[in-house]
């Protein structure tokens, strides 16, 4: 016979697996549709019209029209495509299901149109809303927070293709007690994350790791170098933190989201022309291209880091529906490669991983997620002790500093962005 603790853990196992699978399928569906639309906008259509896909007019035109299209969705869809991600944490309160169609359409348009945001925030929002709405009907005795955690864990597992990220993130959220051990509380979320990761793996494998030279034995000077790199990345990120609420307030003085997002798309187009096609989109495929291109110089990497960080701020301030983690990782990779080119004595594995750690820490203020992203992009077990040590001064630097979020105006309804 099972112990009562085991029966309690098994109670949510089936719902957790179902939520994990569903979370992954929703992510896959959105990414597939966005990929088809992206291919149409950036490959087939310019080819049919005889226009180069990296033509300045095409880049500016597509991003401007993308902004207008997203603005129309936000303006006229029921629920106004959910909350403004610039004002929300990664894992927030559930939104009304009526806002989900508009949110999904706005996300797909942004991903396909080249906006410098990832899918993580809207996908988590969609899955939380569905899990809470359906779960409350099927199992009303389970509280909303449990459904929120399961949906978040399932989505994180699906996004990163592993349960490790969910385990790290929720280990600090689900604080155990003497009565309920931590791993008892982690059981159902990890089931959801595992189901999400395995389902994603059936269709595609998220490819985060970069072909960077292997790092051998750790030396004391490497710790100092890594801490300096992380501090530089944090400084760059804090510039974005300072700019975001000010640009957001300035742009949203115009009350019509069609105008706001149209102007935001136009600015993103100009940034895309300066940075080139590699500076567009969410950044994961593009950072692979950036590493593979041996022709980039120190100034090229610096330009890409600045352009991508500016595009991230503009996209978030404009109200595009998307997350900030994936483009932040791109910025970290560009900064790391730039610093390695500038000081070749410091291994690229250190500069890239520590830059990712610093910039993701600024964006998420989550130490575990920052460590995970740094370790998964530069997969090298020798780096793990160094990253854990570098995290300490990085965390001290950010203690008490403002987060990369905008304080929502009190007069603005929580899910109304008109």
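Glycine residues also receive a Cβ, built from the backbone N, Cα and C atoms like all the rest.
Under the heading transmembrane segment, Swiss-Prot lists 10-30, 54-74, 99-119, 120-140, 149-169, 186-206, 223-243, 258-278, 300-320, 322-342, 343-363, 371-391.
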Contact call for the transmembrane segment (258-278) against the transmembrane segment (54-74), three or more Cβ pairs under 8 Å: yes
With an 8 Å cut-off on Cβ pairs and a sequence gap of 6 or more, do the transmembrane segment (99-119) and the transmembrane segment (223-243) reach 3 or more such pairs? no
Who are the chain neighbours of the transmembrane segment (149-169) in space, where the CB to CB distance is under 8 Å and they lie at least 6 residues beyond its ends? 12, 15-16, 19-24, 27-28, 91, 119-120, 123-124, 127-128, 130-132, 186, 188-190, 192-197, 199-201, 205-206, 208, 366, 368-369, 371-372, 376
Flag the pair the transmembrane segment (322-342) / the transmembrane segment (120-140) as in contact if three or more Cβ pairs fall under 8 Å (sequence separation 6 or more). yes
Is it the case that the transmembrane segment (371-391) and the transmembrane segment (223-243) have 3 or more CB pairs under 8 Å, with pairs at least 6 apart in sequence? yes
Out of 10-30, 54-74, 120-140, 223-243, 343-363, what stretch is closest in contact terms to the transmembrane segment (186-206), meaning most Cβ pairs under 8 angstroms? 10-30
Given the cut-off of 8 Å on Cβ pairs that are 6 or more apart in sequence, determine whether the transmembrane segment (300-320) and the transmembrane segment (120-140) share at least 3 such pairs. no
Is it the case that the transmembrane segment (10-30) and the transmembrane segment (223-243) touch, counting contact as three or more CB pairs under 8 Å in which the residues of each pair are 6 or more positions apart? no
